[in-house]
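So that you can see what the record holds, here are the features copied from TrEMBL:
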TRANSMEM  24-45  transmembrane segment
TRANSMEM  51-70  transmembrane segment
TRANSMEM  96-117  transmembrane segment
TRANSMEM  137-157  transmembrane segment
TRANSMEM  169-187  transmembrane segment
TRANSMEM  207-232  transmembrane segment
REGION    257-277  region 'Disordered'
Amino acid sequence: MEPGLCGRVYMLVGRLRTAISKALFAEFLATGLYVFFGVGSVLRWQALPSVLQIAITFNLATATAVQVSWKTSGAHANPAVTLAYLVGSHISLPRAVAYVAAQLAGATVGAALLYGVTPGDVRGTLGINVVQNSTSTGQAVAVELVLTLQLVLCVFASTDSRQTLGSPAAMIGTSVALGHLIGIYFTGCSMNPARSFGPAVIVGKFAVHWIFWVGPLTGAVLASLIYNFILFPDTKTVAQRLAILMGTTEVEKVLEVEPQKKESQSQSSSGDIEVSV
């Protein structure tokens, strides 16, 4: 390998490593902030907080986390969203695994910080998600599935460059608030496995923790299939999807190729019309 080419390769690798490191830190930070402020609103001080108060706080926490990180990492801050992006061929498998690890670490640190600064008589169970007595496990899974389905659909619609170019923070925050206005009565409303994971790790309670993985992840997969293959399908080939999945090509490169294909197709069709005339 020539010295000049070798230097360019090292430079590209260094830039890629820096970009990935920034993205992982952004996911860690965004998820930690979301858990700290969101779960903090659930704690009982002098009286139980109202459902509206909790929903508004989670709305604001989500909007803040998204605004802080969406241009760096895409502002997933949620393993369910990351899985949805993976299914829709918007992210590679290695990056998705790294994102989820960063999100779980951020959620745990956020919950630990909240636990550390909260008086002992207020901590309680640190806002862990639980199934209400009148709700069965099947109903809890179904509710989490539907809540996450609407959230992920909103995330896709708000971040799709074909639909909008503005910040998705407000709309995603609204979707999270909507979920809490209903979901609190059933499961305390998770929609985010990391939100359930962090507090559960700190207080050591995992009795029905699986519900807050199965429900949200299933809802996320369904939402991704609905959005990416029914509502707004793209033109990625199977080979392109596999390349994105394995990380051998970037999504941006695939998106750059698609407009060129459309332009060439339109030019060839116009040429055919001229010849036939």
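Yeah, the Cβs are placed from backbone N, Cα and C, and that goes for glycine too.
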Residues of the parent chain within Cβ reach of the transmembrane segment (96-117), under 8 Å, 6 or more residues beyond its termini: 20, 23-25, 27-36, 39-40, 73, 76-79, 82-83, 85-86, 123, 126, 194-195, 197-199, 201-203
Among 24-45, 51-70, 137-157, 169-187, stretch most in contact with the transmembrane segment (207-232) (C-beta, under 8 angstroms): 137-157
Whether the transmembrane segment (51-70) meets the transmembrane segment (137-157): three or more C-beta pairs under 8 angstroms: no
